[in-house]
């Protein structure tokens with residue numbers, strides 16, 4: 001069962017981002033700003049940085065997630081994000097045997113044809129075990145394990161990279177599993193740093209915010225919100241964007 | 001069947017690296033150096049850069065490989081190298097069906113137990129096909145495909161990153177498939193840029209060259225070559241290093 | 001005098017990008033695509049990648065520039081682009097003396113107050129030389145050299161990073177010198193790879209192309225071109241964007 | 001006056017690194033390891049990661065420094081480290097006027113010839129001010145400011161990148177100012193994470209630790225410590241390395 005936890009992060013990340021932003025415009029040092037900056041100023045500096053695409057200060061706030069019980073289909077996609085840090089459970093050393101063998105079941109199959117999938121998963125496991133027993137090393141026997149086999153991975157990204165990651169992976173075109181991971185990561189970071197992640201969303205939102213006077217946020221979004229974009233970068237026309245985002249987010253319901 | 005081809009690279013890469021190196025020490029411009037630099041000077045500037053760990057000029061020479069017929073076990077490891085560019089065949093869009101379904105057979109299994117493996121591969125394929133027929137989308141059906149399923153990937157790395165990649169992946173501790181890929185990539189780049197890749201090897205060689213007066217190369221290496229290192233970074237003691245490298249390279253024979 | 005030359009690049013870069021794009025959707029290998037791909041297909045695959053923000057294939061085409069006679073003000077900004085490779089003339093080793101001391105003159109000063117600037121540059125040089133004569137090492141004497149002192153730098157970026165670089169540095173808000181460098185780099189890459197760089201421009205253009213049905217290009221842009229964006233990311237309102245781009249580009253005239 | 005402060009960092013960084021390391025070998029999740037890992041285990045996992053060059057877990061611990069009162073000579077070198085995040089005081093917007101104009105004085109000049117330097121710095125400032133008064137914008141007037149002009153910069157690096165940074169910049173061949181910054185950064189991180197930075201040092205130490213059975217640390221180093229390396233990567237022979245490190249570190253005394 002997929003589990004996404006925020007296990008470590010820059011506690012004072014919002015303040016760190018705001019001070020760094022301000023220092024680029026000021027002659028004064030960190031200490032001065034740390035002592036004098038108000039909550040209100042923090043919000044203002046963060047909003048200003050995001051609205052004008054002044055991303056570099058956002059890199060000073062980091063987030064470490066433990067992402068457990070995902071498939072190697074998803075982990076393979078995840079590690080394609082190169083501006084991030086990963087430590088992954090190795091199937092060369094940590095065998096996914098017994099209760100640890102819990103391959104991922106896609107929601108499209110959960111509802112029907114689950115038996116076919118489970119049979120396939122069981123057969124693969126049996127073959128894996130037979131090969132191990134015959135003395136084939138773990139690292140080779142695992143070639144028969146299914147792509148859906150479960151793994152754990154520790155991931156660290158900074159707030160800027162998270163904007164990039166969310167832009168791509170909250171999108172309904174993203175594969176369902178990495179999409180579910182992204183929506184869960186969003187929930188986690190919103191809890192701790194609501195200002196930093198206020199205007200984040202799939203690329204339709206992020207690109208819209210590049211070009212409109214008042215930024216829109218996922219929370220405030222409603223059917224009546226008018227997009228200026230003619231289309232999102234994936235090709236969804238203006239009128240379809242709202243519904244597309246709802247579809248994307250509904251993955252959280254499907255995997256419950 | 002694994003196929004590694006160098007499909008594009010910086011044709012004048014050795015000269016480019018040498019001129020860039022020289023320009024860091026000279027007040028003169030590119031044109032002057034391009035017109036006056038001799039073959040001998042190219043060799044000298046390259047050797048000097050490598051011996052003193054002056055790596056930045058090596059980044060100006062790039063290499064694009066098409067790596068075909070490898071497993072997703074190997075591609076997952078490959079893309080962990082973040083200072084590189086990748087375009088991978090998507091199993092969401094390009095189904096590995098019919099003659100394109102050729103999962104990789106590890107050499108340890110090739111010799112024995114091949115039937116068990118082939119049966120497992122065939123069963124997985126049958127399940128995949130059944131799920132497709134029942135209307136499950138490709139991107140979900142593929143969860144039952146084996147980790148050994150074949151894929152193609154286009155990879156670009158510069159010469160500096162290749163030193164890092166070779167250091168890790170030519171090592172006998174690297175998993176056999178990515179190790180085979182690395183040895184084949186080495187053959188390819190050596191053919192076109194012998195000076196740039198003269199002193200490359202697994203980390204035992206690379207680290208040895210950081211600390212010894214005269215660098216050693218894989219080609220000149222013999223049983224009598226004396227290592228100064230007490231151990232390689234993986235823990236192989238001085239006396240075992242030569243044999244360990246031979247073992248590592250023997251993967252090229254095993255997969256023929 | 002600033003000089004920007006494209007000294008090396010991926011000759012078949014447009015084809016490489018197109019084949020890599022196609023391979024992500026196809027089960028066939030590089031050789032097949034290389035032999036069968038037409039000029040028309042190359043254009044189509046490139047346009048499609050750009051319109052849908054499918055950037056990864058663009059990384060397989062690289063460009064090396066020798067940028068000479070720029071100030072350290074500009075080089076300091078340039079090297080902030082981290083997804084690129086640099087080799088810079090060192091003022092620790094290559095003294096900018098005699099005819100090689102040619103600090104940069106900003107166009108705003110070129111027309112008036114040039115004497116004040118030249119006097120300041122000469123005084124700084126005299127102090128530099130006096131310190132050298134007194135035995136102060138080059139690396140310390142240079143602390144008195146002006147920020148405008150000239151340097152040379154070799155830069156390699158791939159096509160994807162160039163889109164990012166152009167987005168930021170072709171913008172009229174960019175400092176004039178790095179802006180001039182960017183416009184010159186654009187001229188160079190357009191000559192060799194017109195398809196790859198057809199839809200590039202400052203961020204107002206790039207972001208506009210993320211959200212409109214038919215992309216616009218700098219070349220076709222006219223006063224009548226209607227922007228959909230309400231504002232550019234820097235805050236210039238819709239109606240001011242066209243003129244703002246002309247202003248930005250006019251730097252090429254000013255430095256002639 | 002140079003001031004280097006560690007203003008934010010991953011408080012539980014050593015534990016995070018150790019858990020991530022362990023998770024790559026274990027089937028269990030974060031929570032289990034967080035609850036059960038002892039202090040002793042933390043030390044062991046960290047030491048093991050460093051000795052075997054298993055660097056990826058070290059990326060999960062980040063460090064943000066405010067580096068104030070350094071020259072643009074030093075900041076230009078600093079930002080060449082690309083696997084890091086920077087926010088720098090802009091001389092386009094934050095004028096270094098009045099009490100904020102405090103260009104850096106190299107120690108080699110501090111003792112003698114200080115007058116020549118101060119005269120040059122004062123002349124440059126006068127010219128800068130005259131240009132400003134004549135209506136030349138800040139961003140162009142600053143071309144006459146000296147390379148030694150002071151700036152502030154916020155820098156974030158993770159522990160792995162710090163190993164790389166220290167390897168290069170604690171070395172006696174590094175320019176004195178960035179070397180002083182590096183030694184001060186080392187002091188800061190050692191205070192908070194002594195285990196993580198126990199075996200760090202200039203590249204002579206780091207490379208030595210790649211190849212010897214028992215790692216050596218800067219603290220335990222004495223004249224009698226025997227190096228196995230024939231030379232450091234910069235070319236200093238075995239017998240000269242100890243003294244070379246003392247020389248390098250003595251910069252901290254010179255700038256007091």
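Positions of Cβ are set from backbone N, Cα and C atoms, glycine also.
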Same-site dUMP binder from D:112, D:160, D:169, given that TrEMBL records D:77, D:78, D:79, D:80, D:88, D:89, D:90, D:91, D:92, D:142: D:169
Further FAD ligand in TrEMBL, beside D:80, D:81, D:82, D:88, D:158, D:159, D:160, D:164, within candidate set D:56, D:108, D:141: D:56
Candidates D:77, D:79, D:90, D:92 (binding-site residues) - the one closest to residue D:159 (FAD binding site) by CA: D:79
Residue D:88 (FAD binding site): tally of other CB atoms within 10 A of its CB: 23
Three-state secondary structure, which DSSP defines for residue D:88 (FAD binding site): strand
C-alpha spacing of residue D:79 (dUMP binding site) relative to residue D:88 (FAD binding site), in angstrom: 10
Chain A contacts among the binding-site residues D:56, D:77, D:81, D:159 (Cβ under 8 Å): D:56
Position of peak Cβ density within 10 Å, selected from the binding-site residues D:56, D:77, D:90, D:164: D:77
Entry from the recorded positions list D:81, D:92, D:169 having the most other CB atoms no farther than 10 A: D:169
Nearest of the recorded positions (D:56, D:164, D:169) to residue D:77 (dUMP binding site), judged by Cα-Cα distance: D:169
Other CB atoms, at most 10 A from the CB of residue D:79 (dUMP binding site): 18
Candidate nearest residue D:164 (FAD binding site) in space, where candidates are the binding-site residues D:79, D:90, D:92 and distance is Cα-Cα: D:79
Coarse DSSP state, helix versus strand versus coil, of residue D:79 (dUMP binding site): coil
